[in-house]
Amino acid sequence: MSLLELHDVTARYGASQALFGVDLALAESEVLALMGRNGMGKSTTVKAICRMIPAGGTIRFDGRDLARLPSHRVARLGVGLVPEGRRCFRDLTVRENLVAAARPGPWDMARVTALFPRLGEREGQVAASLSGGEQQMLAIGRALMTNPRLLILDEATEGLAPIVRQEIWAAIARLRTETAMAILVIDKSLSELRAVCDRAVMLERGRSVWTGDMASLTPEIAERYVGV
Amino acid sequence: MTRERLFNALLLAGLVLVPLAAQAADEPFTITLATRAVILALAAVGLNIALGLGGLVSLGHAAFFGIGGYAMGILASHAQSYAPLAEWPILIEGTKSMPVIWLVAILASGLAALVIGALSLRTSGVYFIMITLAFGQMFFFFTISWAAYGGEDGLSIYVRNGFPGLNTLAPLPFYGLCLVLLCAALWLFDRLAKSPFGLALGAARQVPARVAAVGLDPTRLRLVAFVISGAITGLAGALFADLNRFVSPAMLSWQMSGEIMVLVILGGVGRLFGPVAGAVVYVTLEHLLGGITEFWHIFLGLILLGIVLFARGGIVGLVAGRGGGHD
């Protein structure tokens with residue numbers, strides 16, 4: 001059975017409809033790439049999963065319908081979100097950001113700082129004073145501290161220096177090999193996605209238009225739906 | 001030691017030493033003034049939990065202050081008249097025991113905060129301010145029409161309530177009790193601010209959606225803070241009524257809510273000792289300027305204007321620098 005299942009999901013922002021029918025399924029321990037050009041509905045799909053916006057269709061997590069749940073209950077079921085733009089708690093220190101999110105489980109301060117040693121070095125520093133890359137690591141660490149079963153990374157490497165991007169991708173690769181966590185990655189870096197993901201779903205104009213494993217994701221398909 | 005800690009230590013030392021010096025100089029009125037400052041500081045520490053930690057601008061905290069006051073007034077008046085509060089289904093008699101009165105004040109105001117908070121926290125921003133004000137006014141007009149307990153005239157208590165082993169009628173022991181309770185509330189504020197709960201509450205003030213995304217319900221966090229806040233302000237109300245041996249609807253007026261908020265803003269929103277500094281300055285100004293003109297609030301207004309415009313961390317921020325609280 002799939003851990004996460006979306007069937008014919010629709011969503012709108014006021015009068016304008018953003019999702020017209022998204023289908024995707026993600027199994028336990030699977031790493032899935034959600035891809036598409038800008039404005040095709042990737043982040044809206046994430047917001048719909050996390051119940052940050054109302055959505056039509058069916059969204060199930062671990063067999064449970066998320067339709068009536070508030071956002072925080074979805075997170076408690078085990079959906080950890082690393083939001084686009086990082087959105088750390090700016091006035092709190094690194095440690096406080098992590099402690100505020102902590103829920104019981106294998107992920108604790110020690111394990112997060114082992115994954116991102118830089119966070120350990122900057123433990124007492126307020127989030128607002130961190131570099132973009134460090135804030136991204138903190139956002140991932142914060143999501144891990146909730147001990148999720150599904151980690152959603154929304155544009156986790158966007159706008160970062162190449163060397164920091166490498167660090168983030170290396171951490172994602174470690175999560176894939178060292179944990180049983182399912183991961184949903186939204187990104188445009190095809191080569192990196194190929195290295196860490198099992199399958200991909202392409203979105204176009206608010207619809208899922210292609211689903212397949214990474215081996216069958218040909219350059220033609222990538223060019224057509226992502227433009228790379 | 002940081003400048004803020006040094007300032008806090010000096011302020012606390014002043015609160016201990018000034019009444020002792022006043023006692024030695026046989027000036028009980030100074031002790032009464034200090035007691036008033038400490039009790040108002042306690043009420044403001046309560047508000048500081050909602051306002052400083054949770055970012056909840058409540059203009060209805062006088063309701064909790066007054067509920068605490070009336071808890072004391074009702075229990076003590078029944079003890080005074082030997083008439084029970086209720087005979088059915090169980091016999092409830094009045095009491096003059098301070099610990100019991102404090103407990104009732106905390107429970108009653110905490111319960112009121114739970115109900116008011118559960119309804120008010122569905123809104124935010126200016127609507128939250130208005131709905132808390134509306135609830136405050138509702139309680140205010142209720143007490144005005146509550147003839148059994150003095151209505152508009154209020155309720156006088158002839159004897160100060162007792163505390164085991166202390167002569168509470170003497171100003172210094174009563175002051176000591178109030179100071180201990182203020183220190184306990186400050187300790188609680190500090191623990192709350194540093195706890196995961198306090199951190200999450202602070203985070204909910206900044207980005208509520210992200211707090212929900214890590215599995216915490218921002219509304220529940222705020223409600224818990226609001227209840228603790230209301231309960232502490234209620235306790236202060238009980239002490240205030242005991243200090244004056246009088247409780248009246250004025251304790252629940254919207255001006256009282258504003259006064260408590262002024263104390264927090266004057267001292268420094270979110271700062272541990274902000275409400276204490278605010279209350280000490282407020283009561284001192286009230287005493288000094290109030291002796292010169294009855295329109296002393298004009299000067300208070302000018303000072304507040306200066307603080308808001310030029311020292312947004314309040315008095316504590318002015319002395320210790322920015323960084324601890326928030327504006």
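Even glycines carry a Cβ here, placed using N, Cα and C.
Feature annotations, courtesy of TrEMBL:
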| type | residues | note |
| --- | --- | --- |
| SIGNAL | B:1-24 | signal peptide |
| TRANSMEM | B:34-55 | transmembrane segment |
| TRANSMEM | B:62-80 | transmembrane segment |
| TRANSMEM | B:100-119 | transmembrane segment |
| TRANSMEM | B:126-149 | transmembrane segment |
| TRANSMEM | B:169-189 | transmembrane segment |
| TRANSMEM | B:223-240 | transmembrane segment |
| TRANSMEM | B:260-283 | transmembrane segment |
| TRANSMEM | B:295-320 | transmembrane segment |
- [ ] Please give the sequence-distant neighbours of the signal peptide (B:1-24): residues at least 6 beyond its ends with Cβ less than 8 Å from one of its Cβ atoms.
- [x] 30-31, 34-35, 38, 171-172, 175, 179, 183, 271-273, 276-277, 280, 316, 319-321, 324
Task: the transmembrane segment (B:100-119) in contact with the transmembrane segment (B:223-240), cutoff 8 A, at least 3 CB pairs, sep 6+ - done: yes
Open item on the list: Tell me if the transmembrane segment (B:260-283) touches the transmembrane segment (B:34-55). I count contact as 3 or more CB pairs below 8 A, with pairs 6 or more residues apart.
Closed with: yes
Open item on the list: Let me spell it out: take the transmembrane segment (B:169-189), skip the flanking residues so only those 6+ beyond its ends count, and list any with a Cβ under 8 Å from a Cβ in it.
Closed with: 12, 15-16, 19-20, 23, 28, 31-32, 34-35, 38-39, 41-42, 45-46, 48-49, 53, 98, 102, 159-160, 163, 228, 232, 235, 239, 242-243, 272-273, 276
